[in-house]
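Q: Submitted below is the structure of interest, expressed as structure tokens.
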Amino acid sequence: MCEEDGPKSTISFAIVIAGSLISIISISNNVLLFISLIRNNRCFKCYFHFILALCFFDIIISVCYMPVILVDSLKDWTKWIELAKAWWPFFVYGLAMTHVCMTTACYILIAVAYERYLITVRSYMLKQFQKRRSWWCFACLSLGVLTKGGMLIELDVFPNEDPSCKNTVMEYYVDVTDITKSVWYGTIYKFWIRNIATVFLPFALLLLINLGIVLELRSQMQHAFGNRSRRRFSLRMQSRTNVRQATATMLFICVIYLISNVVNVFITAWEFIDIESLQTRFLEEYMLSADLSSVLVVTACALRLPIYMLCNPELRRAVKKSFTHKSEHQQKMHQTFSLIAKILV
């Protein structure tokens with residue numbers, strides 16, 4: 001008899017459903033932000049360029065969540081063979097695309113933080129960095145492809161050799177290919193290089209860069225307070241305002257990033273220490289953590305627009321301006337059609 005995998009737990013399925021709803025919100029938020037930025041005249045002349053690229057990859061991540069994660073759970077729960085047949089050929093490509101975009105978006109976020117750091121410390125490297133924003137976006141995408149693109153050759157869909165599995169959701173199954181069994185690829189590249197480059201390094205870089213910005217801002221604030229010039233009060237108020245806005249933005253960015261990646265970092269660290277226990281004694285928790293990690297990623301994507309609107313006045317104005325222009329355009333169109341109607345009547 002064909003042994004079918006049991007359906008995922010109710011908790012896991014509830015997490016996946018919640019993730020699907022959040023992914024819809026994320027798509028709406030990021031499409032709105034993408035349209036607002038692309039219509040802005042300064043989009044490719046300031047840090048909006050990075051935010052636009054980040055928004056683009058967030059959209060792809062959110063769009064891929066449902067066909068990659070939700071459909072996988074639905075086919076196991078419903079035993080719907082047609083759904084399984086549609087999912088099998090898409091899964092490997094969708095999963096690889098999602099992970100490439102996740103890594104790319106992560107490094108773009110680091111680039112945004114680094115540019116802010118250069119601005120804060122008034123570095124001589126700032127102008128050169130800003131001139132190469134397109135190059136940095138391409139470099140981030142290249143890192144994503146180099147570290148996660150290999151998933152296309154690591155996973156494949158195999159036919160089940162058991163004849164009784166024919167015309168069931170177990171007719172095919174996803175498994176790793178032979179290339180992952182080699183030392184150079186499976187151990188050195190896939191396990192060591194990939195995990196360090198996509199999990200631990202981005203986590204540490206973003207934390208250190210934001211910490212450096214906070215410390216520099218505090219130093220500047222203390223210097224402003226120590227200035228006994230006639231503009232002491234205005235400098236003090238301006239410094240307080242800048243610190244408050246920059247600190248709030250950085251704290252939100254760090255907290256969202258840390259929360260969305262803390263499960264992944266913890267599990268990856270456990271894999272380094274004792275992967276056998278995860279695959280035997282804690283298998284159910286291991287699978288549940290994978291679903292939770294995916295939901296946290298799309299949640300971070302969905303929360304970026306509210307964070308920008310709350311903490312960044314410039315982005316807030318850009319979004320509001322886009323709405324204002326749309327409202328004015330609709331009003332002009334309405335007036336035009338009203339005038340035409342009056343003429344015809």
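Including glycine, each Cβ sits where the backbone N, Cα and C put it.
What TrEMBL says about a protein is an automatic prediction, not a curated fact.
Just so it is clear, the model here is predicted, and its values are computed rather than measured.
Straight out of TrEMBL:
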- 12-35: transmembrane segment (TRANSMEM)
- 29-308: domain 'G-protein coupled receptors family 1 profile' (DOMAIN)
- 47-70: transmembrane segment (TRANSMEM)
- 90-114: transmembrane segment (TRANSMEM)
- 135-153: transmembrane segment (TRANSMEM)
- 191-215: transmembrane segment (TRANSMEM)
- 246-272: transmembrane segment (TRANSMEM)
- 292-311: transmembrane segment (TRANSMEM)
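I'd like to know what surrounds each of these features in this structure.
A: With a cut-off of 8 Å between Cβ atoms, the residues of this chain six or more beyond the transmembrane segment (90-114) that come close are 47, 50-51, 53-54, 57-58, 60-61, 64-65, 67-68, 72, 129, 133, 136-137, 139-141, 143-145, 147-149, 151-152, 155-157, 174, 198, 202, 205-206, 209-210, 213, 250, 253, 257, 297, 301.
Long-range contacts of the transmembrane segment (135-153) within the same chain: residues 49-50, 53, 92-93, 95-96, 99-104, 107-108, 111, 129, 177, 179, 185, 189-190, 193-194, 197-198, each at least 6 residues beyond the stretch ends and with a Cβ under 8 Å from a Cβ of the stretch.
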Q: Quickly jot the same-chain residues contacting the transmembrane segment (47-70) by Cβ under 8 Å, restricted to those at least six beyond its ends, or write none.
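A: Residues packing against the transmembrane segment (47-70) from afar: 16-17, 19-20, 23-24, 26-27, 30-31, 33-34, 37-38, 40, 87, 90-91, 94-95, 97-98, 101-102, 104-105, 108-109, 111-112, 115-116, 133-134, 136-137, 140, 291, 294, 297-298, 301-302, 304, 308, 315, 318.
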Q: Tell me, roughly as an integer, the mean pLDDT over the domain 'G-protein coupled receptors family 1 profile' (29-308).
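A: That stretch averages a pLDDT of 81.
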